[in-house]
Structure formats: structure tokens, C-alpha cells
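Worksheet for the structure shown next.
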Amino acid sequence: MTLQPNLQAKEMELSLVGLQNSGKTSLVNVVATGEYSEDMIPTVGFNMRKVTKENVAIRLWDLGGQPRFRCMWERYCRAVSMIVYVVDAADTENLSVSRSELHDLLSNASLIGIPLLVLGNKIDIHGALSKEALTEEMGLSSVTSREVCCLMISCKNPTTIDQLTDWLVNHSKSKN
């Protein structure tokens, strides 16, 4: 009889927040199924989905982005492995609102120290901001109470989604 190595899965719990139409639900679906769909309906309240990538079990909380749901973001961001803030990098008209909502969320004492991953989504759209411009517009350099990372993705581009999931898996393994 040979002993199998203990390949106990690592676990990650992520809350995906951001303004409505930033691509949170599309992102969850692409990470879970590998397929993108144009036919998304706005999330009412929240949805939760579990996926496993490279022996890492990831629980994704997809939170509604409409103004009436933003008051619940903080509650679902407590005690998670990471807050994932999704921004439509092509929607420059709403960046100031997105920045304000992000900084309001991060000002909650219950969330101090929880790592932040900002995802600039929809980079396939002409006029989408660069990583540097998004970092500046979102005021990420002023966020000092936690680890902060910014990645640029398109839910329509499997390569960027693979890079994101690789980053999440590696981040999970480096923390455990």
C-alpha cells in the first residue's frame, strides 16, 4: 500500500463588488464555465458560486452593483480572503462614482487588512483605460491599509481570464 500525498485543497473566498454593468456576473460565469455570454441579467442581491482551480476551492460572492445593493457590500466583504472590485475600464463617465464607492467600502473598520484586487474589465473596448490610468483614476496609491493589486481583463478574452485565475491560485498558495 502506498500513501498518497496530502493534496488538501486550499480555499479562497472572494467578494466581487463594483458598479452595475461592470462585468461581475460575466466574470463569475467565465471563471466557472470558460464561456462568455452577452445575455446577462443584473444581479439582484447576490449569487454565490464555487469553482475549483488547480486544487484551490474558490467561493465567489457576486454582489449586485445597483445603488440599492451597495449598502450590503461591506457585510459580504467581512472575513473574505480578498475583495475583488470590478471596474468597467471603458466607462469613464462613471469612474468617479466607482472610485467613491470603492473608497467608502474600504473605509469600513471591519474590512481593514483584507487584500484588494481591482480588475479593470472590458479592455477589449476601444477607449478603455490603461492599467496606469485606472490605478490613478481609482486612487489606488492612497490605499495603504491593505495589499492592493490591479489587473486588466476582458471577460471575452480567455487569455486574460486564465492569467487572472493563475494569479488567484498563486496568491492563494502563497498565503496558505
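Cβ atoms are placed via backbone N, Cα and C, with glycine included.
Here's what Swiss-Prot has on this protein:
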type: BINDING; residues: 21-26, 40-43, 62-66, 121-124; note: GTP binding site
For this session: Inside 10 Å of the Cβ of Asn21 (GTP binding site), count up the other Cβ atoms and send me the figure.
Result: 17
Exercise. Counting only other Cβ atoms and using a 10 Å cut-off, which of the binding-site residues Thr43, Asn121 scores lowest?
Worked result: Thr43
For this session: Name the secondary structure element type, per DSSP in three states, that contains Gly64 (GTP binding site).
Result: coil
Seminar exercise, completed: The correct three-state DSSP answer for Asn121 (GTP binding site) is strand
Exercise. Just counting, how many other CB atoms are there within 10 A of the CB of Lys24 (GTP binding site)?
Worked result: 30
